[in-house]
Amino acid sequence: MYGSDRAGDDAERTAFRKTEKKYKLYYENSKSTKKKKQPKQVDLSEVLDFKSISESFNQNGELPPGVVHVNCGFDRPIFGLENRPGFYFIPGALTLDEQCTWIRESLTNFPQPPNRTNHNVIYGPISNLFVAAKEGKVFVEEERSDNGLDSEPSASVSNGDSHRWKFYEEDIARSRGKTCKTVPASVLLRKLRWSTLGLQFDWSNRNYAVSLPHNKIPNALCRLAKRMAEPAMPIGEEFRPEAAIVNYFGSGDTLGGHLDDMEADWSKPIVSMSFGCKAIFLLGGKSRQDEPLAMFLRSGDVVLMAGEARECFHGVPRIFTDEENAEITPLELRFSDEDDRCFLDYIRTSRININIRQ
């Protein structure tokens, strides 16, 4: 779902695709190869800003046309859209401590086997990727019968054929670089696009593969998801978190317009939590021809999509990694300790989204 939409000329002409291209990151053409590429300016005047809407509502009770306040006894303002029943936006729903906790978990524990990631199809399960990247290690592919390396690897995985991939110190990997495939762990971390928690989603068959081994969603995350889901739940029912997908975005990454339609009961919400750099989220209608609404997503925001909103196309055409627009100063201050430098380096140019399903 990452990258460009390649559905052909028809997709290029849809209202959703046109809006995606409007907000996508493009760079100015420059004849000089020495100058740093500059992003093209984008008109953001039509993007809904629920942070500003919330501040205005708290001060004077005013709301822009089409936006409604959801009065459900929650401990902070929740907003909906008149023409998108089942859509809820909770700005600043997560505390700074909660944001830091789930950023750490998303990088260190959630990609751990038996949870699956986008790397599995090429490399097999990879253990301790974030630690390996932090330590500057290199992933090396070698023949099983090759015992030429004189150092024990820190981790190894099998991709099911006659090769094995192992993490090694950089100097050892460099000595083998001419005869073996190598890739720095830091590159693999930057190419991490998704990991799955709880029931594992089979992307090739587009369904949940109950038989696949998996780790349960952590209890603390389940409790958080249940609390956040309350405004969108049918009266008297409690949300049951059973599966989650963690998406990882870097500069220039997009999530093309799509539907989340694999769950049996669409009355139950998808709970979507944002962390890291600010993004633009598009919420369309039941057809790609319906013009989508654009809105900012900031670290700590929570979106709920239930009922009719589950039938709406949605996507992320842009994240902002520049200092002026990323809006991650509180996270930078919290991750300022030397021990947290690796998390700070990552989140300065990235966004993480955790979406939890029943």
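Cβ from N, Cα, C; glycine included.
For H258, D260, H314, the entry in TrEMBL reads Fe cation binding site. Residues or ranges marked as domain 'Fe2OG dioxygenase' in TrEMBL: 240-358.
Fewest other C-beta atoms within 10 angstroms, among the binding-site residues H258, H314, are seen around H258. Listed in sequence order, I270, M305, R310, N355, R357 are the same-chain residues at least 6 apart in sequence whose CB falls under 8 Å from the CB of D260 (Fe cation binding site). Other than H258, D260, H314, the residues of this chain whose Cβ falls within 8 Å of the Cβ centroid of the Fe cation site are, in sequence order, G257, L259, D261, C312, F313, G315. In the predicted model, residues of the domain 'Fe2OG dioxygenase' (240-358) average a pLDDT of 94. In terms of DSSP helix, strand and coil, the domain 'Fe2OG dioxygenase' (240-358) has 25 helix, 47 strand, 47 coil.
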